[in-house]
């Protein structure tokens, strides 16, 4: 019966996954169909605009050429009209002179004839007919303004759609995810020397397989990539996967997207649990700050409602004036009713835990303290850590502790044992937890120098733990285990600092 139920559950799970996959594909088809309709409409509009632009250019050129022909016609006509007018005047003068000369032949008197002859000679000498060119200044030839658009017609007949680059092919084998960086590599299916650049798009997702159309996150765009490889660095891996796609572009147009590739980007993401922290801690998702006035507003509300309320408030004021040390602030200074739901830690345990438990695998996160922070601890603990317990003072917690209040100390702590660390306190501490391997190591986050390493066997899930007094801490999560740390872990066999080295060291 049980085996049949398990088999049925597997079948149900398989069917559910297949249904989800088909639904995602249906969404993709609908999205693609909508895109085809919208893009076709846009392309038709662009085509109309292009042809209208051609028509406009042709009309402009036609008008310009017509104007040139008409101007040439006017010029030649004016030249010929001017020459024609001159010829008519010369002809008229010549005919008058001819008539006068003909009449002079009939003169009988010698003196009068001689006078007429001299006049005719002078008029002939001055006659415009003898100075006039009888060659037209312009010809009627207009062939220099003829056109032959056969070549242009051939060019117009060769109009076609732009050559579109083929879709690139992303090579998952060549892609690399390491050190919170992702390198994506691709190639063209065939050589294309007209490609100018590539566009890569990516988005984060929590779904494996093909990208989902209804994914809440938008595609981010990296443009003008000249090579066939690109690296995104400095990422926060706050999702399980990332989708990538690439398209090639020539000088005019972008081609189709490559088939999308989904790369795994798992990393430990957690926030600080504000609901269970000490009341003297001001907690946000990724930072915690010590607040000596924490809970005062709530205490004032209950003042006068209890017989001993005034005593508690007076005691609290004495202890919170100035900057008290951890030893001077006690649980008795705040009535239990004030803490309400935030009584997970109290007394001198200025503790806040992460909201995500570690049950397996290797994980890494980093912590940075404020410059004026007096005291803080960073490590892990079982969920059973007591409300009065401080990190490192029980057998259920491991940490490194920094104190600069009375004297500067840097130590590893576990089970109320202390191991002084003879290394400078780094600006930022990296925490590496190998749950299955039973190892907790601390590093200088910048240089990746190993500070200390605990070797143990975790019997319960652990949660990141933090203590802070007079100062604050900021947290960086969503980080992969750095390559340098992985390399050091392979060479470091747990011999450098272990819990056994703390057994004989008193606090």
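Glycine residues also receive a Cβ, built from the backbone N, Cα and C atoms like all the rest.
Remember, predicted model here, so these are calculated numbers, not experimental data.
Here is what Swiss-Prot records for this protein:
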COILED    70-109  coiled coil
COMPBIAS  321-332  compositional bias 'Polar residues'
DOMAIN    105-162  domain 'COS'
DOMAIN    164-268  domain 'Fibronectin type-III'
DOMAIN    291-484  domain 'B30.2/SPRY'
REGION    292-345  region 'Disordered'
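The average pLDDT for the domain 'COS' (105-162) in the predicted structure is 84. The residues of the domain 'Fibronectin type-III' (164-268), classed with DSSP into helix (H, G, I), strand (E, B) and coil, number 3 helix, 49 strand, 53 coil. Note on the domain 'COS' (105-162): DSSP counts are 31 helix, 0 strand, 27 coil.
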